[in-house]
Ligand code: CP
Ligand code: NVA
């Protein structure tokens, strides 16, 4: 049986994604009620980080421990990866000693190449192009607060980055409309838009995008690796802030999400994270439950 990986949301079928979310909600209750099992007993998770992280590291490491497994944090700075050992060689070695691996890196080709040479499931924990684990948490959070997202309307406001591109894949897999507003020159990948044009509405203003939507999502204007472009981006994105005035254009029960870390006064107003629409803290917590369900799924398949 071929090893299953999770490099983008398209690696699981819609039915499989639904079952992972269902299981995540179940595992959250099991943890709360102190009746969780240990589906990772004696299993080892390798965690390769070439970029910074708070949520992803804590959720994977805590998740593995809660499931009876063990996690090894591997920073590229301290491993031979940082000294130029090829990713293919690293994959062959690390996957002989672990049961599952997650990678956070720059180029998406790095996770693809690792997966190609890995004997064990590989999870994309963020690349420049996609952040599928975050979408599992976002979809779980919507489900918990509002029920099924199928047929709903979602607004993406800001950069056409890895999160936006993952929302495009989510729109396909969960069957919702995605209204995208980015400044000119910061749109998501053109081929990805073309392949999903039946689900996407490209808007020229943030106001147009959020109108009558059920969920509004944004992210930092300068992702990891784009620190040098910060000033240019702040100027380009000035009209793309999500604040309470913009949220008032969405449906009255619309939710607000942000993968975090957030920059108050930039992509969001000072008060947006704590506004009544905001579910960002549940969203952050759900990284833990959703990834536990994902690891359980991948270890079983
Ligand atoms: N949302 C997210 O992936 O956060 P970290 O960068 O802290 O892992
Ligand atoms: N788009 C952001 C997400 C951080 C979780 C980044 O890539 O830095």
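The chain as shown is numbered from 1 upward.
Cβ atoms are placed via backbone N, Cα and C, with glycine included.
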Same L-ornithine site as 219, 223, 224 according to TrEMBL: which of 124, 162, 286?
162
Among the binding-site residues 53, 55, 133, 162, 259, name every one whose Cβ is found under 6 angstroms from ligand 1, counting any of its atoms.
53, 55, 259
With DSSP as the yardstick, break the domain 'Aspartate/ornithine carbamoyltransferase Asp/Orn-binding' (150-297) down into helix, strand and coil residue counts.
59 helix, 26 strand, 63 coil
Taking the Cβ of residue 287 (carbamoyl phosphate binding site) as the centre, how many other Cβ atoms fall within a 10 Å radius?
27
Residues among the binding-site residues 162, 219, 223, 259, 287 that border ligand 2 - Cβ under 6 angstroms, in sequence order:
162, 219, 223, 259
Among the L-ornithine-binding set 162, 219, 223, 224, as the record gives it, the longest Cα-Cα distance in Å:
12
Can you tell which of the binding-site residues (53, 80, 162, 223) has the fewest other C-beta atoms within 10 angstroms of its C-beta?
80
